[in-house]
Amino acid sequence: MSSPSKYAVQVDKENKATEIKLLNFSRPHMRAFHYAWLSFFLAFTGWFALAPLTPIVRVSLGLCENGDWNDFSSPRECICGARCKEAIGNANTVSVAGTIGMRLLVGAWAETYGPRFSQAFMVMLFSIPLALAGAVSNGASLAAVRFFIGGMGATFVITQFWTSVMFSKNVVGTANATSAGWGNLGGGFTQVFMPWVLSWFIVFGFDLAWRLAVLVPAVLLFFVGIALYLTSDDVPEGTYKALYASGERKKQNGWKVFLAAAIDPRVWLLFIVYGGCFGTELTMNNVLASYFFDYFGLSLQTAGLAASLFGLMNLFARSLGGIASDLANKHFSHRGRHWVFFAVQLGEGCMLVLFSRFKSDNFTGAIITLIAFSTMVQMAEGAQYAVVPYVGKHLKALGPVSGIVGAGGNFGAVMWSLIYKGYASHPDPRQPFLVHGICVVGTALLIPFIHYPEFGSMFLPQTKEEEAQPDEGPTVIKPAIAQVSV
């Protein structure tokens, strides 16, 4: 095994980093950390690139009931009736549904081929349908292209797998939460970025401008994929390819590992609960800009800016969930992680219910509540993925557990999207937010049932010692929590 002194960060006996140096970009640990969040950030930006452009796209595709560009000069004049709302709703739903299968698959794939190759391949592959999005001509083709673009959402699973194999137990909650949180920032960033990119091309007219605008995130994704593949590592010891060639690592049967995770019912409880937090985030990325535009009467740019506040909370909130979980683990053992998880998931549901009660004349109250709601959403995601690595290591199936739980986020988003679609013609546009919030409270109530005798749970103590992994040496863990420095 390599000597710890060769690394730019302190490591344990598994060569996993026991500290996070945010301004360090050295291979392998911190380079992997920064590529993990950056690639996911750009994937998230591309995944929802069309959402803030919806008021333009629906006119361009002739979905308005009162005409097209030949009949009016402003997208606000579009009357988005039943046909229009159905087309946009279908596109929003399939954009998150398209990721479910990929998230289930890529966990096993990452276990076999490594996170470096897997992430590079994913961002380069799915940059292609994003680049082709400008060729759509109707609601059906819009839904089709958003389905395929949605595949890039599976990069989240690889991001979490990558940081989990690079960072030790005392900081893995913070590492996972920060890499995913900064990646999720793409959901807020795209709400501001895409209207801005649209303005670059507006000289060509709205109809062509949005079609050119989607090329920008596609190109960025492709080139980051190349750089990531050429200049990073899979694990602290190097790349899977080199380790396989030298015999230092044996290639795993990804599907056998996947089965070990898939037969555990507690993994599927985590699947459902993650739908309550990450599924909610995905849904908000799809609906908030249009909601602010239509219900509060904001301009396209202002609506995008307001919607971006939801995603921008990822700058700190998801990390805060991981840090809070690491802190609870230090003082109350693993059970403390479950209590933090429950508290923020429950708070998220309550904040969404409150957000749904603000009328169009109280935009300030809605925004303040949105920020509190978003903070709870991101913290819940961070707190959950502070628990997932323990489950994954216990089942010896880290990649598949990350994938199954991650897919739960997209499954939840599909369910929530159906609620918004079902209430599309309701006289009160706030109603789907209310129903959604009540359902999120319901998912929080499942958390007490996630129990492993080796770790304990909210109300039940640990009753069994975890079995030592036969292929791993002892792990040296420093007593400090989340050692993060710049």
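Cβ coordinates come from backbone N, Cα and C, glycine included.
Automated prediction, rather than curation, is the source of TrEMBL annotations.
Marked as transmembrane segment by TrEMBL: 32-50 (among others).
The transmembrane segment annotation in TrEMBL covers 117-136 (among others).
What TrEMBL records for 143-162 (among others) is transmembrane segment.
The annotation transmembrane segment is assigned in TrEMBL to 182-203 (among others). Same-chain neighbours of the transmembrane segment (182-203): 36-53, 56, 155-156, 159, 209-210, 212-213, 216-217, 281-282, 285, 288-289, 300-301, 304-305, 307-315, 318, 378, 381, counting only residues six or more beyond its ends whose CB sits under 8 Å from a CB of the stretch.
Per TrEMBL, transmembrane segment is recorded for 210-230 (among others).
If you look up TrEMBL, you'll see 267-288 (among others) marked as transmembrane segment. Same-chain neighbours of the transmembrane segment (267-288): 48, 51, 92, 95-96, 153, 184, 187, 190-191, 261, 306-307, 310-311, 345, 348-349, 352, 370, 374, 377-378, 380-381, 384, 387-388, 391, 395, 401, 404-417, 420, 436, 439-440, 442-444, 446-447, 449-450, counting only residues six or more beyond its ends whose CB sits under 8 Å from a CB of the stretch.
What TrEMBL lists as transmembrane segment is 295-317 (among others).
The annotation transmembrane segment is assigned in TrEMBL to 337-355 (among others).
Same-chain residues lying 6+ beyond the ends of the transmembrane segment (362-380) with a Cβ under 8 Å from its Cβ atoms: 181, 184, 276-277, 280-281, 284, 288, 296, 298, 306, 309-311, 313-314, 317-318, 320-321, 324, 341, 344-345, 347-348, 351-352, 354-355. Annotated transmembrane segment per TrEMBL: 362-380 (among others), in sequence order.
Annotated transmembrane segment per TrEMBL: 400-420 (among others), in sequence order.
The transmembrane segment annotation in TrEMBL covers 432-452 (among others).
Sequence-distant contacts of the transmembrane segment (400-420) (same chain, at least 6 residues past either end, Cβ-Cβ under 8 Å): 89, 92-93, 96-97, 99-101, 103-108, 110-111, 150, 153-154, 156-157, 160-161, 164, 254, 257-258, 260-262, 267-268, 270-283, 286-287, 384-385, 388, 391-392, 432, 435-436, 439, 443. Proximity of the transmembrane segment (210-230) to the transmembrane segment (337-355) is not established, fewer than 3 Cβ-Cβ distances being under 8 Å for residue pairs spaced 6 or more apart.
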